[in-house]
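Pulled from Swiss-Prot:
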| type | residues | note |
| --- | --- | --- |
| ACT_SITE | Asp14 | active site, proton acceptor |
| ACT_SITE | His42 | active site, proton donor |
| BINDING | 13-19, 41-43, Arg306, 332-334, 414-416 | GTP binding site |
| BINDING | Asp14, Gly41 | Mg(2+) binding site |
| BINDING | Asp14, Glu15, Gly16, Lys17, Asn39, Ala40, Gly41, His42, Thr130, Arg144, Gln225, Thr240, Arg304 | IMP binding site |
| BINDING | Ala300, Thr301, Thr302, Gly303, Arg304, Gln305, Arg306 | substrate binding site |
Amino acid sequence: MGKNVVVLGTQWGDEGKGKIVDLLTEKVSQVARFQGGHNAGHTLVIEGKKTVLHLIPSGILHDGVTCMIGNGVVLSPEALIKEIEELEANGVEVRSKLKLSPACPLILPYHVALDLARESKRGDAKIGTTGRGIGPAYEDKVSRRGLRLGDLLNEQRFAAKLAEVLEYHNFALTQYYGAEPVDYQEVLNKALELGAQLRPMIADVVDMLHTSRENGEHILFEGAQGSLLDIDHGTYPFVTSSNTTAGGTATGSGFGPLYLDYVLGITKAYTTRVGSGPFPTELECDVGKHLGEKGHEFGATTGRQRRTGWFDAVAVRHAVRINSMTGMCLTKLDVLDGLSEVKICVGYKDSNGAVIGIPCDAEGWADVQPVYESMPGWTASTVGAKTMEELPVEAVNYIRRLEELVGIPADIISTGPDRVETIVLRHPFEG
């Protein structure tokens, strides 16, 4: 009997999902992306070699694994072809193993132009998007005017739809944002050229997933970003434009929720965030600087320096609930090595001292003050540990306390960037 496992981030992204997906892929026949676009970066380190993926599932580095991009992913043909060519230049076979849903909404140059124009107009109130057209592409999908990958299979139909939607967006670009219009013919020619390369990879992803399930094969669903960036459950409006939570797995792939066996929450041992938005436990001091430098906290997609802070158990417990998580994988434990004291946010209070729960808007988040619990740190190194017995007792106590606070066990603990630097207490595909 096969198992179907979802891997998600429990924080604001950058939790280390890429390494864990790569580790788990050894057991599966298929890996599927179900939301987001090329705004997310998945960094893998295998035998010392670093690979950064943005659209293609991390399982592409494994032989015999089919990688799928489901209908919930907004797809930039240009970004995808570039990523394919980069992998091929490094000797990785991609095209025969990658399958694309024809229902994927397309990201085209006018989406990028809109994204950049909006952020520029917002000024200091900007959301902090990656400027890659993700939000505008999802807007087109919801408004039912968006072009989809399957439209490229009929060039005349694609050209007609493009003319209509580009007229709409060029009006906004020129008349509201004061930006330059996007050239129709350039967009059309480039899209058709790239579409010809993508056409052989277009497949019925829904049917392929269910055929694998019926054949008793293991399937892994790879989430992007993190639960606190979810369009509905995140720190709105400082969120992404898709459902990054477990519910998005079903809608973004066509794989029913009752078929999912295990939801693994990837959880950093401290907290980071890229760009604007609420961050109750942020540290603007030497400890925060230490976490950023030791953790190499720079975005895989944008290169922007990440903000750093203590572990927020309130936020992670919220993520556990909305995802019905089975267990967590604790990553970057080694970054806390050398600290004499570690703190955990165990509650929120407002400016009047009243205990509060998870706010529902930016104004509510602005009033949040963290309530901390302190624990002894550890000086011994945790780097490369493969068993709990190799960890300092203080590190073990820290892990156990996090388990108590968020309500799920730490089934996997990552002690370094390489896949072998991992403690596996309960394997999602074996337990």
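Using the three backbone atoms N, Cα and C, a Cβ is placed for every residue, glycine included.
If you take the CA of the residue listed as 'active site, proton donor' and look 10 A around it, the recorded positions you hit from Asp14, Gly16, Lys19, Leu333 are Asp14, Gly16, Lys19. Within 10 Å (C-alpha to C-alpha) of Gly41 (Mg(2+) binding site) lies none of the binding-site residues Lys19, Arg304, Gln305, Arg306, Thr415. DSSP assigns Lys19 (GTP binding site) to a helical segment in the three-state reduction. In three-state terms derived from DSSP, Arg304 (IMP binding site) belongs to neither a helical nor a strand segment and is classed as coil.
Residues Asp14, Glu15, Gly16, Lys17, Asn39, Ala40, Gly41, His42, Thr130, Arg144, Gln225, Thr240, Arg304 are listed as the IMP binders, and the farthest two of them sit 34 Å apart at their Cα atoms. When the C-alpha distances from Gly303 (substrate binding site) to the binding-site residues Asn39, Gln225, Leu333 are tabulated, the minimum falls on Asn39. Counting every protein chain shown, the number of other Cβ atoms lying within 10 Å of the Cβ of Gly13 (GTP binding site) is 29.
When the alpha carbons of Gln225 (IMP binding site) and Gly13 (GTP binding site) are compared, the span between them is 4 angstrom.
Sorted by the number of other CB atoms within 10 A, the binding-site residues Gly16, Arg304, Leu333 start with Arg304, the lowest. Summarising the environment of Gln225 (IMP binding site), the number of other Cβ atoms within 10 Å of its Cβ, over all protein chains shown, is 26. Considering only the binding-site residues Gly13, Gly16, Leu333, Thr130 (IMP binding site) has Gly13 as its nearest partner by CA-CA distance.
Recorded residues Arg306 (substrate binding site) and Asp14 (active site, proton acceptor) have their alpha carbons 9 Å apart, per Cα-Cα distance. Cα distances from Gln305 (substrate binding site) to the recorded positions Asp14, Gly16, Lys19, Thr43, Thr415 are smallest for Asp14.
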